[in-house]
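**Q** First, the structure itself, so that you have it in front of you.
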2 protein chains.
Amino acid sequence: MASTRKLSSPSDYAELLSRYDTWLFDCDGVVWSGDDAIAGASQAIDFLRASGKRVIFVTNNAARSRKLLKKKFDRLRIAASEDEIVSSAFAAAIYLKEVLQFPTDRKVFVMGMEGIEAELDAVNIKRCGGTQPGDNKFLPANDYSSLVSEEAMDSSVGAVVCGFDMNLNYGKLCKAFRYLTRDGAQGPVLAGETGGGCHFMLTNDDKVVPALGELWPGSGSLATPLIASTKRDPIIIGKPHAPMLDTVKKLYNIDEERSIFVGDNLHTDILFARDGNIDSLLVLTGVTKEEDCQAEGIWPSFIIESISNMIAAETGQKRIAAMCSVSTIHASL
Amino acid sequence: MASTRKLSSPSDYAELLSRYDTWLFDCDGVVWSGDDAIAGASQAIDFLRASGKRVIFVTNNAARSRKLLKKKFDRLRIAASEDEIVSSAFAAAIYLKEVLQFPTDRKVFVMGMEGIEAELDAVNIKRCGGTQPGDNKFLPANDYSSLVSEEAMDSSVGAVVCGFDMNLNYGKLCKAFRYLTRDGAQGPVLAGETGGGCHFMLTNDDKVVPALGELWPGSGSLATPLIASTKRDPIIIGKPHAPMLDTVKKLYNIDEERSIFVGDNLHTDILFARDGNIDSLLVLTGVTKEEDCQAEGIWPSFIIESISNMIAAETGQKRIAAMCSVSTIHASL
């Protein structure tokens, strides 16, 4: 991988463009910031498409299905098809199906929301927990009786998949705990055998999550009670962990030499790409400032201010870039 | 401290009895096991009282107030007054009041149950959160709007106290997160000043808790989302942490030389006592087998089978001890 290059002249950008066929994009801080599009991002994505490039969006968001995530792209006027969006919930479902060869007669207990459920359904993996009404209520104080009954537990559960869950509650934690600690839970998960093996997966390990201009406890924090009580380490799917990029590579038949990952976070994007042998492009529209590379000792292949620079430089319309950088394009939720 | 002694003859027991004036007891695994009294425990406690000894019960249970814990003692026919029970919730309230000199115009945000609330009320510390209806509901999926409003937050909060909470929910976690990360939250907590400093306390760090013959995620697990998301370390009150024994020593004016701690757990009881310069007596009616001492390299001052041995040996009525050891005395909840 080349040492970091900062692009300036139109020919630098032209060279960058010609070098990669597949452009993988992180979302928050790159194409949008919270609920607003990054200025010029829409045009930059259109420009890449017009230049014959393949565009894929890679997000750790596991609360929403790809179908709902697509609606956000639509609202912000960023062209994306459902097939071009890889969420950590989708990658978790693919990982269960393809890598773990999860048996069709076993179920996943979901400690999460609609995003995980929809993606499991899409690959025909059975599930329980999640948004089901019986698992979204408070238990009477100090009363475990409803949790020890045989009926409360499903013996066919062969995986616990945790993600962001605004309806996290003690009953769900207890059920997940019991699935993960029952006899043989750390063993193999076999078709036709109930009980026994139980995988432990976490869609993404983000300890905090941004929303409405604030930070909030994220999936990586919400799963810690299970990690602490079971003493088990989950398989973590989302960036910067390898299963996410492995899934993307497999699904889209990625040529590592001709692909680049565009992100705003040195750890979850730039290191993630480097560990996966993919070149990286750091944009400064998110959490990282240029001087952070030196401070953290993490260097991307390239740095640009914003993905909007792509189009401005290429077309020579620097005026547009300057205008766009003044403010982000507001879009209502 | 003497090396471990195993007691056998009546004179051994007589010597043990004469050596200590104050007998501190762990509860679960020592005087009761779940919802059943340990055989002979009631008589052993009565015997100690009849011998002029002071008896104090020290429990990490923070879900119930001392008043409710006393009811459990009553049900199991183990004589105890409320004043002889120290729970981690009670110790947390005392610690706030005495050690941290918590200002009377500041509030505690409770992520816990009735036990913490009752003990804060008993020492006139104001509180919010906890069992209040507004903090015990689920939020609409992906909607943080109710949490960012100024009205949702109480600017007078100067401490977050976490304990066991069967009504744990994302809204409580978010509020606690915001109190613990607001500007100046790690600074001093001052009277007459709202905002700023915010203490972070955990009643006890037990990762699992026993109930109905099973283990379940405990307070120490339920607080991990806050530790992970805020990157703050809480002050941990309960055994084996020092604040619990410091509180007991101060409250009861303990003479270290003339006091002994009786427990069933090498880490939370025996090490706890040793670190607090108190002699210890290991009973084998709970989680520890005699050979575990060698394996763990943790040695109590004394080992006996059960506290019922105290009375059997002293009175020579070994027959009673033998009978009692056959089964535990069942008492309905």
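Each Cβ is built from the backbone N, Cα and C atoms, and glycine gets one as well.
Caution: TrEMBL annotation is automatic and unverified by curators.
What TrEMBL lists as active site, nucleophile is A:D26. Annotation comment: TrEMBL describes A:D28 as active site, proton donor. Taken from TrEMBL, the feature Mg(2+) binding site applies to A:D26, A:D28, A:D264. The feature substrate binding site is assigned by TrEMBL to A:K239.
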**Q** Cβ distance under 8 Å to A:K239 (substrate binding site), same chain, sequence separation 6 or more: which residues?
**A** A:D26, A:V58, A:N60, A:S88, A:N204, A:L245, A:T268, A:D269, A:F272
**Q** Express the distance between the Cα positions of A:D28 (active site, proton donor) and A:D264 (Mg(2+) binding site) as a whole number of Å.
**A** 8
**Q** According to DSSP, does the residue listed as 'active site, proton donor' fall in a helix, a strand, or coil?
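**A** Going by the DSSP assignment, the residue listed as 'active site, proton donor' falls within a strand, counted as strand.
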**Q** Within 10 Å of each Cβ, count the other Cβ atoms, then let me know which of the recorded positions A:D26, A:D28, A:D264 comes out lowest.
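**A** Comparing Cβ neighbour counts within 10 Å for the recorded positions A:D26, A:D28, A:D264 gives A:D28.
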**Q** Centre the Cβ atoms of A:D26, A:D28, A:D264, go out 8 Å, and tell me which other residues of that chain have a Cβ in range of the Mg(2+) site.
**A** A:C27, A:G29, A:V30, A:V31, A:G263, A:N265, A:D269, A:V283, A:G286, A:V287
